[in-house]
Amino acid sequence: MAKISIILLTIILSCWCQQEMMGMLAYKFQNFNYRQALEHYANDPEFQEHASESCAAAVMNYANNFESYAQEIGLMTFYTGRDLNDVGRFFDCSQLDYTRFMVLSVSGLPLGFYFGICGPIECTEDDYLPVSSQLAVLARQLQDVLPDAEAFNVDWTADNFQFRDSALRNSEATSISPVFIIAILFFLFSIVSVIAGTIFEMWLEARKAKRALERQRLRSINEDEDEQQDQAADDIKPQGILQNYLYSFALYNNTKRLIYGRASKVDKQLEILNGLRVLSLTFVVVGHTFLYSLRGPTSNPLEFLRWFDEWSFYILMAAPYSVDVFFWISGFLGGYLMLEYVKKRNGKNQPFLMIMLHRLLRLIPLYLATIFFFWQIMSMVGTGPVFFKYKEEYAGACSRYWWSHLLFINNFYPFNRDEQCMGWTWYLPNDVQFFALLPPLVWLLYRRRAWGVVVIAIIVTASLTASVVILQLAGFGPSMFKIKENYYRVYYMKPYMRVSPFLIGIYCGLAIYSFRNDDPAESLIKRCCDKIKRSWILRQVLYWTGLGIMVVITFTFQPINNHPEKFSQLFNSFYMTLTKPLFVLGMNMFVFPILLGRGLFFRAVLGHDFFTPFARLSFGVFLLHATFMTFEAFNRERAIWASRNYNMAMFFAWMVASFLASFLFTVFIETPCANLEKYFLTPAAKGKARKKATIKQMVEVERVSFANSFSETLVKKDSEASDSTPELPSRHKNDDEFFNQDNTADTVEDSFVKNSINR
């Protein structure tokens, strides 16, 4: 089928000129080939049938007047790509008034393939589209003969090859929509609130400083001024709805809460989870760095096939297990802290709906903000030749499925992974759905522990069994070369496939709770934990066994990935089912002695205060990091050369950018919303605050009244004593009586305060 797209592709394939040659130089090198190609296709009847009249006329004009248009043809040739995945010179081509820049994008692959064409302005997308079927036929033929091509496992059709007008598509992708205006207002409202809250915070601190100076001046005049009363008077807090709203957005206070630790001495050992969370997040980011770098134009897109042969690369290939570590942390903290909470309330927990509402209100504000940022803000600032793909393949799905994210069902709907908005956030709905299991399981573990342990074991068994059955029926395998289209939709993102690490975390939380609260005579778990804590040998067994399990799972993937034909489907099903819970179990064995208070070195490193702010920013980093990676991949002006050094450099860049952005999103949105939720929507906190304020006011009034009356009594006694003995040459026993009375007054006053507080 002879069409204008064939003309341009023929010119590209026959182009041997160097990139620095422009205009007439390019024309001279390609004179014969271009003339021959143009004359052949311009006179082809099939081309005349499919091309538009204006495009056909332009090609005919170039063919019949080749010498006259040598400069124009030379520039179009120079601004066109040289080989596969070369997007050419989009901005240079766009400056010419007789050209239109087209991009050929190939879909259906785990990495991006693009090709830039600087063609006649008369030829639109419709003039290029018919060649897609011929390219599909060619791709199927190449897949049968080229080495490693069958690894892509794609059923090529014409839909896999799309020609797009870069300037037109970018203009459509960056057009202003009503949702963009809503997003801008959302962020402006947050910024204005932070500015107002910070100004109010500065006013509050200035008022406290002024009050402190005033009290200091009064103390210099009256040495008997009660310092505790002064301190209470200086304790100025926001009053009323407006002041509490503004103080919720106070920048300095929110930043201080973000940086400094809040764990009690009892729970200080749990601070090692901060280091574990940051390390797991690091593996997630570095894994996504390698993955997303291949989605944009890359000069050597097949380089990753060689990485799979290197054993060291499989350390990075273990990054998906970091998500299971996050599930374990969520299950451990949720189980342990909820058990402690139920114990303090004598077996009573909050209503289930209140627990879930609190959980959702803590997640949704930052989640919504990052969706707006990914969907609307970043999609407005791109200019690259293939940037429209950012909106078409990723951000555009948010306009259709944003609501599934806020309902935390995006691991079920949409069904197609390619249609997901922020596809890497499949973790969040799973986490929320797992969290819904916590209240009933914790109730069972507290009331009927044996039954709770059995129920959790049944759920784990059911999950593993379902995983084996689904994998066996669907024919899924672990190899990256044999991933099927519906692998993520049917298996990878589903909660019943990923719940085991979460439940293992609950088991670990139960063990730590029993270790800290149970009687050894009545609890087998408590006796086992005590024995592990006392025995150096048992701790070493746990350390090395856990580490060995993680290492074996990491590196056995190399032969399984590279030689999938050597392993049966039954082996693949059991391997994919067991590796995730086993990896988490190994990690659990490694950290368990540390949670018991041993492992001084690891406890000092993982629990260091250095990790505290980074751990609190980890949620924002998880939501934001892939946004920057996706934007960079599709906003490239030229293709990159993929290498491990380049990707590691980009990894550090993404970590810095993501943590900085997460800090801004956290102090401007997440923490203020958490403060508002605590003040306005938590009845217990509001009632406690009001009760505390009422008691404090009552105590202060009674303290002042008592102090005044007691001072009058002391003054009266002092006056009577001075009348009877006007001159005292030295201290006598009345001084000791006076000091004893003063101390007694302090004791009585303290007792009065305690009684008032008790009331």
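Just so you know, glycine gets a Cβ as well, placed from its N, Cα and C.
As written in TrEMBL, here are the features:
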SIGNAL    1-17  signal peptide
TRANSMEM  179-204  transmembrane segment
TRANSMEM  272-291  transmembrane segment
DOMAIN    273-667  domain 'Acyltransferase 3'
TRANSMEM  311-339  transmembrane segment
TRANSMEM  360-378  transmembrane segment
TRANSMEM  450-474  transmembrane segment
TRANSMEM  495-515  transmembrane segment
TRANSMEM  541-561  transmembrane segment
TRANSMEM  582-602  transmembrane segment
TRANSMEM  614-634  transmembrane segment
TRANSMEM  646-669  transmembrane segment
REGION    716-759  region 'Disordered'
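At the 8 Å Cβ threshold, with sequence separation of at least 6, the transmembrane segment (495-515) comes into contact with the transmembrane segment (582-602) through 3 or more pairs. For the transmembrane segment (582-602), the list of distant contacts is 269-270, 272, 276, 318, 321, 324-325, 327-328, 500-501, 504-505, 508, 511-512, 515, 529, 532-533, 539, 542-543, 545-550, 553: same-chain residues at least six beyond its ends, Cβ to Cβ under 8 Å. The average pLDDT computed over the domain 'Acyltransferase 3' (273-667) stands at 92. Sequence-distant contacts of the transmembrane segment (541-561), counting only residues of its own chain at least 6 positions beyond either end whose CB sits under 8 Å from a CB of the stretch, comprise 308, 311, 314-315, 317-318, 321, 478-481, 532, 567, 572, 575, 579, 582-583, 585-593, 599. Within the same chain, residues 236, 238, 243, 245-253, 368-369, 372-373, 375-377, 380, 399, 667-669, 672 sit at least 6 positions outside the transmembrane segment (179-204) and bring their C-beta atoms closer than 8 Å to a C-beta of that stretch. Contact counts against the transmembrane segment (646-669), taken as Cβ pairs under 8 Å, peak for 614-634 among the stretches 272-291, 311-339, 360-378, 450-474, 614-634. Distant neighbours of the transmembrane segment (272-291): 304, 316-323, 325-326, 329, 332-333, 424, 591, 594-595, 602-603, 605-608, 611-612, 614-615, 618, 621-622, 625-626, 629, 647-648, 650-651, 654-655, 658; these residues of the same chain sit at least 6 beyond its ends, with a Cβ under 8 Å from one of its Cβ atoms. Long-range contacts of the transmembrane segment (311-339) within the same chain, counting only residues at least 6 positions beyond its ends with a Cβ under 8 Å from a Cβ of the stretch, are 270, 273, 276-277, 280-281, 283-284, 286-288, 290, 349, 427, 430-431, 434-435, 438-439, 441-442, 445-446, 498-499, 501-510, 512-513, 550, 553-555, 557-558, 561, 579-581, 583-584, 587-588, 644.
A Cβ distance under 8 Å defines the sequence-distant neighbours of the transmembrane segment (450-474), meaning residues of its chain 6+ beyond its ends; these are 437, 441-442, 444, 484, 486-487, 490-491, 496-497, 499-500, 503-504, 506-507, 510, 569-570, 572-574, 576-578, 581. Non-local neighbours of the transmembrane segment (360-378) in the same chain are 177, 179-180, 182-184, 186-187, 190, 390, 394-395, 398-399, 402, 405-406, 408, 421-422, 425, 428, 432, 619-620, 623-624, 627, 630-631, 665-666, 669-670, 673-674, 677, 681; each lies 6+ residues outside the stretch with a CB under 8 Å from one of its CB atoms.
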